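Enquirer: Encoded as structure tokens, here's the structure I'll be asking about.
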Amino acid sequence: MAMMDLLKADDIKKALDAFAVAGSFDHRTFFELVGMRAMEADSVNKVFQALDVDASGFIEEEELKFVLKGFSEDGRDLTDAETKRFLNAADKDGDGKIGMDGMEAGGFETDVSVPFFGGLGVRCSHH
């Protein structure tokens, strides 16, 4: 599924433009700008799956570097420092990858948040 099926093209462009300069990426602001705060859990899962290029169930560091390209082919690669900072913020169990099954409640403003999206307040429910 393409990101354009899940998010508004204008929101994606606005978010990519905001972080066009290398070293400027902030994952929380980016995901807010693309409209993920208002998304249902099912849609968040679909975004995760779209970014999980190898369909392993995890976003590994190699995939994370190209996360902006997952939203648009015009997206730039994250710098190594941006990638590490993003991974460190989202990898709550320290295994070097980010998985949807690692949802946790601790420290976020909602009952259950998705660590990959950095505690954006995206509500998720267990089914």
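Counting starts with 1 at the first residue shown.
Just so you know, glycine gets a Cβ as well, placed from its N, Cα and C.
TrEMBL entries are annotated by machine, without manual review.
Per TrEMBL, the feature Ca(2+) 1 binding site maps to Asp52, Asp54, Ser56, Phe58, Glu63. Annotated Ca(2+) 2 binding site per TrEMBL: Asp91, Asp93, Asp95, Lys97, in sequence order. Summarising the annotation, TrEMBL assigns domain 'EF-hand' to 39-74.
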Enquirer: Pick the one among the binding-site residues Ser56, Glu63, Asp91, Lys97 whose Cβ has the fewest other Cβ atoms within 10 Å in this structure.
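Expert: Among the binding-site residues Ser56, Glu63, Asp91, Lys97, the sparsest Cβ neighbourhood within 10 Å belongs to Ser56.
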Enquirer: Across all chains shown, how many C-beta atoms besides its own are within 10 angstroms of the C-beta of Asp54 (Ca(2+) 1 binding site)?
Expert: 10
Enquirer: Can you tell me the CA-to-CA distance separating Asp95 (Ca(2+) 2 binding site) and Glu63 (Ca(2+) 1 binding site), as a whole number of Å?
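Expert: Checking the Cα atoms of Asp95 (Ca(2+) 2 binding site) and Glu63 (Ca(2+) 1 binding site) gives a distance of 15 Å.
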Enquirer: Cα-Cα separation of Glu63 (Ca(2+) 1 binding site) and Lys97 (Ca(2+) 2 binding site), in Å?
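Expert: Pair distance, Cα basis, whole Å: 10 Å.
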Enquirer: With DSSP as the reference, give the number of residues of the domain 'EF-hand' (39-74) in helix, strand and coil.
Expert: 20 helix, 3 strand, 13 coil
Enquirer: Would you count the other C-beta atoms found within 10 angstroms of the C-beta of Asp95 (Ca(2+) 2 binding site) for me?
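Expert: Asp95 (Ca(2+) 2 binding site) is surrounded by 11 other Cβ atoms within 10 Å.
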Enquirer: Comparing the binding-site residues Asp52, Asp93, which residue's C-beta has the most other C-beta atoms within 10 angstroms in this structure?
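Expert: Of the binding-site residues Asp52, Asp93, the highest Cβ count within 10 Å belongs to Asp52.
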Enquirer: Other residues near the Ca(2+) 1 site, CB within 8 A of the CB centroid of Asp52, Asp54, Ser56, Phe58, Glu63?
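Expert: Sorted by sequence, the hits are Val53, Ala55, Gly57, Ile59, Glu60, Lys97.
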Enquirer: Expressed to the nearest Å, what is the distance separating Asp93 (Ca(2+) 2 binding site) and Phe58 (Ca(2+) 1 binding site) at their Cα atoms?
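Expert: That comes out at 13 Å between the alpha carbons.
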